[in-house]
Amino acid sequence: MHALGRTPALTLLIFIYNFVSVYTIVSVQMGTKARLCCRSIPLTKAVLITWIIKPRGQPSCIMAYKVETKETNETCLGRNITWASTPDHIPDLQISAVALQHEGNYLCEITTPEGNFHKVYDLQVLVPPEVTYFLGENRTAVCEAMAGKPAAQISWTPDGDCVTKSESHSNGTVTVRSTCHWEQNNVSAVSCIVSHSTGNQSLSIELSRGTTSTTPSLLTILYVKMVLLGIILLKVGFAFFQKRNVTRT
């Protein structure tokens, strides 16, 4: 491949890019493939095809193809962004495994003698949350959707007395935790429903019957005391019989 020389045209393209306001929003799940297409313009009319990639929080880069000389200029090396095919056949852009760092805006500009044609994408990366749960005390259950993007929504069946909190992370993901309590003793099982753009999950949770009280603790203490008393009696009895045997001899 040959490289196109850097020209002030790149600065002009980025300037135009910043003022383009019509976006096509594309949501892609992390780890899957993304393919972005240019405008449907016959390549026989194209003079220059340029992709301007502007990831959020990262420097911009370009992928350009000059039709007449078949020269390319690519400054996106190491970002897992490539042509979907050879640009002289299909000038689509491809990301083989989408990651959070690919989120941002992508502009395809096709330059023709009749003018320039643009298509802009706002690539949004979806991250499925890791869903877990655990039982708390006194007929309480906790359901957690960790590191999802966007934030997951948690609901319960049947309804209980619930408190939901969210924690945002530096990479844009969000952890949502819902803690729910049920007073009714007749509720023995509940369901935690986690709703997310990548798919919904439902977890069935068995609750302990009855509310937690001091009775089990008292029974435990009584049981421990009885065991200790039994051990003491055994030791006393063993010492008594041992002493008796010594006296006989």
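Note that the numbers count up from 1, one per residue, in the order the chain is shown.
Cβ from N, Cα, C; glycine included.
Per Swiss-Prot, the features are as follows:
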| type | residues | note |
| --- | --- | --- |
| DISULFID | Cys38-Cys108 | disulfide bond |
| DISULFID | Cys143-Cys192 | disulfide bond |
| DOMAIN | 25-124 | domain 'Ig-like V-type' |
| DOMAIN | 113-208 | domain 'Ig-like C2-type' |
| CARBOHYD | Asn73 | N-linked glycosylation site |
| CARBOHYD | Asn138 | N-linked glycosylation site |
| CARBOHYD | Asn171 | N-linked glycosylation site |
| SIGNAL | 1-24 | signal peptide |
| TOPO_DOM | 25-220 | topological domain 'Extracellular' |
| TOPO_DOM | 242-249 | topological domain 'Cytoplasmic' |
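Everything Swiss-Prot records as a feature, shown here on the structure.
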residue	record	Cβ within 10 Å
Cys38	disulfide bond	22
Asn73	N-linked glycosylation site	19
Cys108	disulfide bond	22
Asn138	N-linked glycosylation site	12
Cys143	disulfide bond	27
Asn171	N-linked glycosylation site	10
Cys192	disulfide bond	23
Legend entry - Structural state census, the domain 'Ig-like V-type' (25-124) (DSSP three-state): 6 helix, 51 strand, 43 coil
Legend entry - Rounded Cα-Cα span from Cys143 (disulfide bond) to Asn171 (N-linked glycosylation site), Å: 22
Legend entry - Length of the line joining the Cα atoms of Cys192 (disulfide bond) and Cys108 (disulfide bond), in Å: 43
Legend entry - Integer average pLDDT (0 to 100) for the domain 'Ig-like C2-type' (113-208): 95
Legend entry - Separation of alpha carbons, Cys108 (disulfide bond) and Asn138 (N-linked glycosylation site) (Å): 58
Inset, instruction - Could you round the CA separation between Cys108 (disulfide bond) and Cys143 (disulfide bond) to a whole angstrom and send it over? - result: 43
